[in-house]
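Peer 1: What follows is a single structure, and I will ask about it in a moment.
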C-alpha cells in the first residue's frame, strides 16, 4: 500500500529541504519527494495543504519511569505521548527503580519496548553504579545489551576523578556521555531559583552558579580527555559565555535546553505551584531571553523535553516535599515553534535542534526523507490553537504548568513505517 | 475594617490597614486578660484545630490561651516530621479534620508554604503559626504590638535585627512588617546567614527602608528597637558558624552595645533565648528588655486574629 501526502510544506533538515510538495511512501519506506507527484495506481492520499511535513523528532531526554514507578508512566503511555508530540525516537534516562546500571535492566527496557512501545526507545544507562558517583558501570556490557549512552541524570558525578575516568572509558566503546550539570553541594535543599521569589516564598534557592560551576568543570574535563560530552537541560544565562568559550577552544561538546527554560520564568511557582517545580529550576526573564539567543547563536544545539511524569502523590503535597519535574513530550513542538514565530530560528534550524543534532549525539542516522529511509513522518498544523486538556495528554501523569493553557501548533498525523496514526481525533 | 483574605498566611500579603486593624483590636482585647475571670463567650461552639508538625511551646500555648479566653474548643494534633513519614498526606489530614467539624486551622509546619497548601484545599480559615524558613506572621504582629505599646509609634523607627536572618521566619516576617508600618530595618549577622544578594530586592520595600550591615555596630547604632534572634550552630547537620564562643564575641549583644543604641531603645527576642550566646547574661537586667511583654502580647494578637477570621463583621463592642 502506498501513501501519498499532497501539497504540504516539506521540511527535511537532513537534506536542507524546505518547499511545498508531495511525499510518497511505500511499504513503510520513503519513495520520493517532489513538487508534484501524480500516480495512477490506488493510493491512500493525505491532503496536507497549509501543513508541515516533517521527519519524526528525536527526544534525547525522557523519563519513562519503567521499571519501578509505573504509577507515574510506563513505556506504553510514555511512548504514546511521544507519538502524539511528534517524537518518533526517544532516549530514556536511567533513574528508574532499579536504575539502569546493569545489562539486565537495559535488556528489560528494550524487551518491554519491543512489546509495548509506539516508537523507538533507546535506553541510556548510568555512568556510575546506583548513580552514586563512585564506581563506573560496565560500559562495554551495557553497550552490548543495547544502551545508547550513559548519564547519571538527576545527579552530577561530583567526583572529578570519577567523571574523568568515565569520559576516558567511554572512548573505548564510543558511548556518548550526558552530564546533568549541578554542583549538588551548592544546590542542596534548594527548591526553586535563588532570587526574589525564593526570598518571598521562604524556600531555599538553587543558585545559577550551581549549574555554571558544573558546566565549567565538565568542559575542562571534556577538553582534557578529548571526549564528546553532552550537557543536559541548561537553564541559566550564566553558562552562555562559557559555552562560547568552549566552542572557541574547540572542546568537543554539545548543549541542550528544554522548552520550559525558554518559555517560563520562576513566576510560575508563585503560590507554591508544584506543577512548576523542576530541576534545574525555572529562572528569570533575562535567562529565558539568553537561552533563546544561545539557541539562535548555535551555542545550544539541542532542544529536549526532559519529560518527567509525576502523579498527584508526588505533586499534590507540600512544595518542599513535592518531586521535581514536568511532563513535556506533547508540549515540545508547540513551544519550540514559538522560537520560529518570534524569529529566533528558521523552521530548518529549529528542526536541526529537534532531529539532526540529537541524532548526532546518539550516533544514529536521523529520521529523514531520503529515498529508502524508514517512513517516520509527522504532519503538523503549526497554526492550530487548542487548550491542552487532560484528555489530550496521553501520559499517565498530567503534571505540567501548561495544563488547561492554550498551545499553538499540533501534530495531526503520524506515518510510522507502515502505520498511519490520525491524532486529530482526540 | 476586616481582613480582606479569609486566612492569615504571611505578612507579605497583609496591607498596612489590615495590620493596623489587628493591632487596634488586640489592644482592645488585651484588657480581657486582666479581668478577674479572663474569659468571654464570643467563640463558644467554634472548633479550632491546631496542626503542629514541629515542636513549639510558646506559640502553641499562646494560641491555646487565646482560643480559651474566647471560649473556643481546641483540637491539637502534634506530629514530628512531615505528614509523608506518618503515612497520611497533609491533604487527607485536613479533609478529615474538616469533616470532624473544624472551623479554623492553626498550622505550624517544617516546610515553607504548608499553610498556603492547606488554605488552597480547605474551606475554613487558616492561620500560619510558622512555616519552615518562610514566615511567622503572628510573631511579627506581636512584635509590632509590643513596639507600638512601648514607643507609641511604628513609623520612622530604626529597627535592628541581629542573627541568622537567612533561616529565620521571624526575621522574614519582621523585616516586612516594620517596613510596611513606615520604619526602616537594618539587619546584621554572619554574612553567610544574611539574605543572598539576589534576594535583597524582595526584602527592600523601598530604597531606604532596608539595609544589610556586615558590622553589627552599624545596624544597632541609633536603633530604636534591637531584635536578637536565636542562633542555631547547626542546621541539618551542617555547621553554620564556627562556634558559639566566636558568635557571642562578634555578634552577641552585650552591655557595651547599649551606648550605641538610642536611649531607652527596646530589646526584643522571639525566644527561646540562648543566654550567653546571642544575648549576654547581663542583658536580662537591661530595663528596656521586653521579652516577656512580647509573650503576653502574643496572646492578645492571636485573640484578635481568631476573632477577625471567625466572626467576620462583628466588632469588639458587641462582645459582651
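Any Cβ shown, glycine's included, is placed from N, Cα and C.
A TrEMBL annotation is a machine prediction, not a hand-curated record.
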Peer 1: Of the residues A:36, A:95, A:338, only one is listed by TrEMBL in the substrate site with A:63, A:64, A:65, A:279, A:310, A:324, A:325. Which is it?
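Peer 2: According to TrEMBL, the candidate sharing the substrate site with A:63, A:64, A:65, A:279, A:310, A:324, A:325 is A:95.
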Peer 1: Can you pick which of A:301, A:306, A:381 TrEMBL lists for the same Zn(2+) 1 site as A:61, A:63, A:153?
Peer 2: A:306
Peer 1: Would you kindly give the Cα-Cα distance separating residue A:279 (substrate binding site) and residue A:306 (Zn(2+) 1 binding site), rounded to the nearest Å?
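Peer 2: Distance (Cα to Cα, whole Å): 10 Å.
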Peer 1: Applying the rule Cβ within 8 Å of the centroid of the Cβ atoms of A:61, A:63, A:153, A:306, what extra residues of the same chain belong around the Zn(2+) 1 site?
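Peer 2: My list of surrounding residues reads A:62, A:93, A:154, A:232, A:233, A:304, A:305, A:307, A:308.
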Peer 1: Want to know which binding-site residues, from A:95, A:180, A:233, A:324, are within 10 Å of residue A:63 (Zn(2+) 1 binding site) at Cα; which are they?
Peer 2: A:95
Peer 1: Should any of the binding-site residues A:180, A:279, A:310, A:324 have a Cα within 10 Å of the Cα of residue A:153 (Zn(2+) 1 binding site), which are they?
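Peer 2: Close binding-site residues: A:180.
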Peer 1: I need the CA-to-CA distance for residue A:325 (substrate binding site) versus residue A:61 (Zn(2+) 1 binding site), whole Å please.
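Peer 2: With distance taken Cα to Cα, residue A:61 (Zn(2+) 1 binding site) is 12 Å from residue A:325 (substrate binding site).
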Peer 1: What is the interatomic distance between the Cα atoms of residue A:95 (substrate binding site) and residue A:61 (Zn(2+) 1 binding site), given in whole Å?
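Peer 2: Each residue's Cα considered, residue A:95 (substrate binding site) and residue A:61 (Zn(2+) 1 binding site) end up 12 Å apart.
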Peer 1: Mean pLDDT across the domain 'Dihydroorotase catalytic' (A:53-238), rounded to an integer, is what?
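Peer 2: Averaging the confidence scores along the domain 'Dihydroorotase catalytic' (A:53-238) gives 97.
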Peer 1: Out of A:61, A:180, A:233, which of these binding-site residues is nearest residue A:310 (substrate binding site) by C-alpha distance?
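Peer 2: The answer is A:61.
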Peer 1: Distance check, please: Cα of residue A:65 (substrate binding site) against Cα of residue A:180 (Zn(2+) 2 binding site), rounded to an integer number of angstrom.
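Peer 2: Counting only the Cα atoms, the answer is 18 Å.
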